[in-house]
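Some features that Swiss-Prot has for this protein:
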{"type": "TRANSMEM", "residues": "17-37", "note": "transmembrane segment"}
{"type": "TRANSMEM", "residues": "56-76", "note": "transmembrane segment"}
{"type": "TRANSMEM", "residues": "92-112", "note": "transmembrane segment"}
{"type": "TRANSMEM", "residues": "117-137", "note": "transmembrane segment"}
{"type": "TRANSMEM", "residues": "194-214", "note": "transmembrane segment"}
{"type": "TRANSMEM", "residues": "222-242", "note": "transmembrane segment"}
{"type": "TRANSMEM", "residues": "255-275", "note": "transmembrane segment"}
């Protein structure tokens with residue numbers, strides 16, 4: 001079993017100011033978005049100009065941050081924030097939801113498209129291939145922080161990793177499983193899936209490869225966005241089987257996690273949209 005390397009979450013600290021790895025992962029994601037966006041403009045595969053891409057980035061950042069935070073509040077810890085509403089603004093303490101961020105970006109795309117006279121689906125198709133590497137960057141940020149670890153796996157698995165931050169979850173799991181209790185006593189930690197890296201590979205690298213390559217030629221309007229939607233939903237649904245369920249929610253109906261249930265409509269809409277738009281002529 002490998003022990004998580006325990007990175008310092010603060011990259012640089014100057015007086016009261018601190019630059020955190022997790023914040024840097026978001027910044028890197030936005031840089032990658034801009035870089036890939038400019039490549040697509042040069043290839044003639046974008047509805048953006050260089051100027052409008054930079055303008056949209058501001059809208060997108062607001063959508064990610066506001067949507068991600070509100071999504072986390074509503075989907076995961078609503079009762080806690082209802083009791084302490086001012087904690088909603090403590091974004092430095094963590095707590096972001098991809099599904100909320102996704103909805104925030106969709107709203108930003110709709111508003112931006114209305115302002116600039118760009119069709120919603122055409123804009124979605126343009127944005128979709130630029131997103132997955134940013135998701136990959138965010139998962140690396142999760143790994144560096146030692147958060148969102150995976151479920152318990154076999155002690156002899158070469159990929160097994162112990163997370164010191166999971167002490168409470170380790171104790172709780174060991175209390176219900178004699179073998180795990182033995183492992184915990186012997187090794188001090190339980191072997192877990194490094195699910196952040198699985199999500200990095202699936203939702204980040206694999207999704208990027210699929211959507212980027214598919215969108216290298218003109219496709220029917222809406223099909224690229226549908227591929228991203230369904231692809232993310234499928235990859236996230238799979239990765240959630242290795243990820244530790246949120247301690248304040250656990251597993252829900254049918255033994256699925258909140259992340260899986262939120263991914264189901266993405267999968268359905270993505271598949272239906274991909275087939276439906278694919279039956280139309282390119283325009």
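For all residues, glycine too, the Cβ spot is worked out from N, Cα and C.
Quantities reported herein were computed from a predicted structural model and do not represent experimental measurements.
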Distant-in-sequence neighbours of the transmembrane segment (222-242), which means Cβ under 8 A and at least six residues beyond its ends: 98, 121, 124-125, 127-129, 131-132, 135, 150-151, 153, 193, 195, 198-199, 202-203, 206-207, 210-211, 214-215, 256-257, 259-260, 263-267, 269-274, 276-278
Long-range environment of the transmembrane segment (17-37) - Cβ separation under 8 angstroms, sequence gap at least 6: 7, 9-11, 46, 48, 53-54, 57, 60-61, 64, 94, 129-131, 133-135, 137-138, 140-142, 144-145, 212
Sequence-remote partners of the transmembrane segment (194-214) [C-beta within less than 8 Å, at least six residues beyond its ends]: 4, 36, 128-129, 132-133, 135-137, 139-140, 142-143, 147-151, 159, 161, 224, 227-228, 231-232, 235-236, 238-239, 242-244
